[in-house]
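Chemist: Here it is: the structure, laid out below.
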Amino acid sequence: MTAPLRIALAGLGTVGAGVVRLLAENHALVTARAGRPIEVVAVSARNRTKDRGVDLSAFAWEDDMTALATRDDVDVVVELVGGSDGPALTLARTALAGGKQLVTANKAMIAHHGMELAALAEQHGAALKYEAAVAGGIPVIKGLGEGAAANRIDRVFGILNGTCNYILSQMESTGADFGVVLKAAQDLGYAEADPAFDIEGVDAAHKLAILAALAFGTAVDFAALDISGITRIRAADIAQADALGHKIRLVGQAELQADGRLFQRVAPVLVAKSHPLASVDGPTNAVVAEGNHVGRLLFVGRGAGDGPTASAVVADLIDIARGNATPAFGVPVGMLSAAAPADAGHRKARAYMRFVVADRPGVLAEITAAMRDAGVSIESLIQQGRAEEGGPESESVLVAIVSHEGPESAVSAALQLLEGSPSISEPPLVMRLIG
Ligand SMILES: NC(=O)c1ccc[n+]([C@@H]2O[C@H](COP(=O)([O-])OP(=O)(O)OC[C@H]3O[C@@H](n4cnc5c(N)ncnc54)[C@H](O)[C@@H]3O)[C@@H](O)[C@H]2O)c1
Ligand SMILES: N[C@@H](CCO)C(=O)O
Ligand code: NA
């Protein structure tokens with residue numbers, strides 16, 4: 001048996017403890033598949049004495065996690081701390097600069113600093129692996145970076161945040177309140193340390209930016225992403241979507257357009273119930289990629305939680321133990337091309353627009369006039385009755401409009417015409433339909 005692969009774990013939370021558990025439970029098969037044992041040598045986290053339900057007694061403890069990266073008895077640093085900057089980034093830079101391999105579940109760090117870290121890895125002959133960072137347990141980084149490597153991929157989209165998908169599908173099936181379901185997602189270990197990253201769409205955007213780079217061979221461009229989350233979705237929107245034969249899902253979409261520009265957006269959309277993404281419930285994620293020879297690929301599985309995420313982390317470790325050397329983004333960093341961001345205005349879609357309006361005559365006429373003037377053709381219009389009877393908005397009603405397919409710029413123009421209208425009490429919620 002060859003020498004063990006010696007690893008250090010930074011972070012012993014949901015994912016870190018999950019990795020310790022998996023390595024203990026599946027020791028024999030992981031050793032067989034890796035060709036050598038994978039041994040935890042040292043660990044670090046905030047609190048040394050906390051009971052995490054796993055036995056850490058055989059591992060050295062470092063109070064300063066960066067010290068893990070300079071230990072002579074460590075081959076691979078596994079970063080499971082989180083945060084785009086701060087100690088996680090310092091650890092990653094120190095490890096790679098010292099020629100140690102790095103495995104991370106940290107999508108925020110890869111979305112913001114992935115190119116720098118990949119360059120550092122190349123320079124020092126180290127591996128940078130991040131399967132757990134995108135869609136948790138789904139082997140989508142391996143699937144696109146290796147399995148589909150022979151294809152030109154122009155489009156990738158999917159459900160990339162387990163917390164949001166759990167919230168939306170629970171609200172849909174149980175009618176539960178947003179806040180209650182978010183708390184449950186946190187208790188189940190799905191949410192980020194700051195759940196605003198989940199519900200505001202940022203976490204899905206981190207993952208989409210990484211997927212786009214890997215799929216298209218373009219430089220990671222998180223700053224260019226158009227991001228909206230799910231915080232404004234009400235039970236009434238879910239009911240309306242249902243009546244229209246759709247479900248609401250937070251979907252990330254990236255496309256390398258024919259003009260060479262890169263479209264990247266994370267937003268809640270109405271998905272037709274017949275669409276494969278509509279049946280993706282709970283913390284499940286799904287990624288669709290279209291290759292020019294393989295056709296449409298669909299990856300589905302658990303996107304969050306200790307077991308699925310640990311599964312992806314350990315898969316990366318097995319890869320390293322086997323000596324697989326794949327560039328972090330499929331090609332050397334210097335070959336990743338810069339793509340200008342797309343202007344979404346010309347993109348065509350049906351749109352769901354929901355207004356909260358004052359309950360008085362003439363309001364509907366004002367909205368429909370703006371649609372007419374901006375060239376938005378209305379397919380259906382539903383006045384949904386009083387918003388929260390007796391609540392602070394009891395004088396308002398919800399109005400939902402679905403447009404025929406048309407350019408996004410026309411919808412934006414209609415909403416601009418309505419801006420500042422005293423009849424409309426909050427900014428309209430717009431969601432595109434995908435079918
Ligand atoms: N939970 C999931 O389902 C999941 C899935 C995929 C990826 N991730 C990613 O994995 C990483 C870890 O997530 P988690 O859910 O295990 O988080 P967690 O909050 O449960 O655990 C974080 C761990 O890091 C330690 N830590 C945090 N800041 C520290 C600091 N400044 N110094 C020392 N230790 C520090 C904490 O003590 C804790 O042990 C994050 O990057 C997250 O985005 C999580
Ligand atoms: N908070 C993330 C964890 C997995 O990356 C999610 O809910 O998808
Ligand atoms: Na993954």
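Positions of Cβ are set from backbone N, Cα and C atoms, glycine also.
Below are the features listed in TrEMBL for this protein:
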| type | residues | note |
| --- | --- | --- |
| ACT_SITE | K207 | active site, proton donor |
| BINDING | A10, G11, L12, G13, T14, V15, G16, A17 | NADP(+) binding site |
| BINDING | K107 | NADPH binding site |
| BINDING | E192 | L-homoserine binding site |
| DOMAIN | 352-432 | domain 'ACT' |
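Describe the structural surroundings of these features, if you would.
Modeler: For K207 (active site, proton donor), the same-chain residues that are 6 or more apart in sequence and have a Cβ closer than 8 Å to its Cβ are K107, A111, A133, V134, A135, L160, N161, G252.
The number of other Cβ atoms within 10 Å of the Cβ belonging to G11 (NADP(+) binding site), over all protein chains shown, comes to 25.
Secondary structure at K107 (NADPH binding site), as computed by DSSP, is helix.
For the recorded site, E192 (L-homoserine binding site), the DSSP three-state label reads coil.
Summed and averaged per residue, pLDDT over the domain 'ACT' (352-432) gives 90.
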Chemist: What does DSSP give as the helix, strand and coil breakdown of the domain 'ACT' (352-432)?
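Modeler: The counts are 23 helix, 35 strand, 23 coil.
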Chemist: Inside 8 A of the center formed by the CB atoms of A10, G11, L12, G13, T14, V15, G16, A17, which other residues of the chain have their CB, for the recorded NADP(+) site?
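Modeler: Going along the sequence, the neighbours appear as L9, G18, V19, A45, L80, V81.
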Chemist: Give me the Cα-Cα distance between T14 (NADP(+) binding site) and E192 (L-homoserine binding site), rounded to a whole Å.
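Modeler: T14 (NADP(+) binding site) to E192 (L-homoserine binding site), Cα-Cα distance: 10 Å.
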Chemist: What whole-number Å value do you get for the CA-CA distance of A10 (NADP(+) binding site) and E192 (L-homoserine binding site)?
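Modeler: About 17 Å separates the two Cα atoms.
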Chemist: Write down the Cα-Cα distance for E192 (L-homoserine binding site) and G13 (NADP(+) binding site), rounded and given in Å.
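Modeler: The Cα atom of G13 (NADP(+) binding site) is 11 Å away from the Cα atom of E192 (L-homoserine binding site).
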